[in-house]
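Participant: According to Swiss-Prot, the protein has these features:
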- 1-55: domain 'ClpX-type ZB' (DOMAIN)
- CYS13, CYS16, CYS36, CYS39: Zn(2+) binding site (BINDING)
- PRO119, THR120, GLY121, SER122, GLY123, LYS124, THR125, TYR126: ATP binding site (BINDING)
Amino acid sequence: MANTPNFEEEIHCSFCGKSASEVKKIVAGPNDVYICNECVALAEGIIEEELTVDRAAEVLSLPTPHEIVNELNDYVIGQEDAKKTLAVAVYNHYKRINENVAPTLDVELQKSNIALMGPTGSGKTYLAQSLARILNVPFAIADATTLTEAGYVGEDVENIILKLLQAADFDVAAAERGIIYVDEIDKIAKKSENVSITRDVSGEGVQQALLKMLEGTTASVPPQGGRKHPQQELIQVNTTNILFIVGGAFAGIDTIIKERLGERVIGFGSDANENAEALNDDNILHHVQPEDMTKFGLIPEFIGRLPIVTVLDELTISDLTRILTEPKNALIKQYTALLGLDDVELEFQPDALDAMASVAIKRHTGARGLRSIIENVMKDVMFDIPSRDDVAKVIITKASVEQGEQPELQLKKVSE
């Protein structure tokens, strides 16, 4: 006959078997299950150990600023000051993330987003892309000119986060450590300092919408894009650890800077002398101040979310010829490899490289215009070569670039 439970008996921990008199506390659960304070403490320790291992796995292996610059040098020519500034900023950003994962400090480290200023084709986008590649984190590019306030025709700011999610294969944890580059940020400057009856839906309104993203918020992201599928389930993404890099040419801000410096040159003293020297700087953007950006049309709150401002210089002919030949994935190396697949050598004469660089400068396209220039020069060659088996080498001359003459062809020697 089965024993009938005796409720007057002393209860025991269901895990270690100790009685109530042997421990400080026993907690009762459903179905006559009990756990003592000692087993609770033991379980807590096991869980904490596992969480520590998980947190350690989340800590990024972080290259030093020197290592970041050295790797950037493999891909980016020139812009030494910008590379150094970005390397330090990115290192500190991900060091901050690692600290948040496994805290050791009493101080809360805040995020510092980055603004890049420089002419078209100076390498702003490419620098941001290269940083993401070096750090092996998800990367997305957004165009500020397509963004509008919620409720207006255009893209919601949440779509920026969607692009990062897509780059991370919808791994939310990976996306939350990614880098977003917002291009043409100068195009969302306020149209005027005067209040207008017509709403500036792609200017100040977008700046306001981006504010929370930049400082850190939990964004509700529609996985299929913004407004076409209103019933879709939203993905929650915390932007606190996403590094935002914004870039723009800021055409016209040089005039604002000169006006400010010019007003302060009048008079005597070291400040007046410094301002006079600044006015003669080849790149006046190096002297930009938050007040200049405010006058340009960015609201103070938005500028405050971009504490790091770095300036890229306009590329010279020397810079552009180096860009054509030196980086690991230089265009000349790419086209040489392409013709090599057809068993044909490719040579660019030095003055041809200078000529291509000059064309890019005249067109004000910078580095991004080099590929189209090469494509134009190489078009007929790349059309004909696959159909010929007698060509050993193609030589691109200065005349090929400037006058549109056909490249020189060296034919294979006919064996007797």
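A Cβ is built for glycine as well, from the same backbone N, Cα and C atoms used for every other residue.
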Participant: Through the lens of DSSP with three states only, how would you label CYS39 (Zn(2+) binding site)?
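Facilitator: DSSP call for CYS39 (Zn(2+) binding site): helix.
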Participant: Would you count the other C-beta atoms found within 10 angstroms of the C-beta of CYS39 (Zn(2+) binding site) for me?
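Facilitator: There are 18 such Cβ atoms around CYS39 (Zn(2+) binding site).
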Participant: By a simple count, how many Cβ atoms lie within 10 Å of the Cβ of CYS13 (Zn(2+) binding site), its own Cβ left out?
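Facilitator: Result for CYS13 (Zn(2+) binding site): 21 other Cβ atoms within 10 Å.
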Participant: For each of GLY121, GLY123, count the other CB atoms within 10 A of its CB; which of these binding-site residues has the top count?
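Facilitator: That would be GLY123, with the most Cβ atoms nearby.
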Participant: Nearest by CA distance to CYS16 (Zn(2+) binding site): which of the binding-site residues is it, out of THR120, GLY121, SER122, GLY123, THR125?
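Facilitator: Nearest candidate: THR125.
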Participant: Reported as an integer number of Å, what is the Cα distance between CYS36 (Zn(2+) binding site) and SER122 (ATP binding site)?
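Facilitator: So the Cα of SER122 (ATP binding site) lies 67 Å away from that of CYS36 (Zn(2+) binding site).
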Participant: Which residues, same chain and not among CYS13, CYS16, CYS36, CYS39, have a CB within 8 angstroms of the centroid of the CB atoms at the recorded Zn(2+) site?
Facilitator: SER14, PHE15, GLY17, LYS18, VAL23, ILE26, TYR34, ILE35, ASN37, GLU38, VAL40
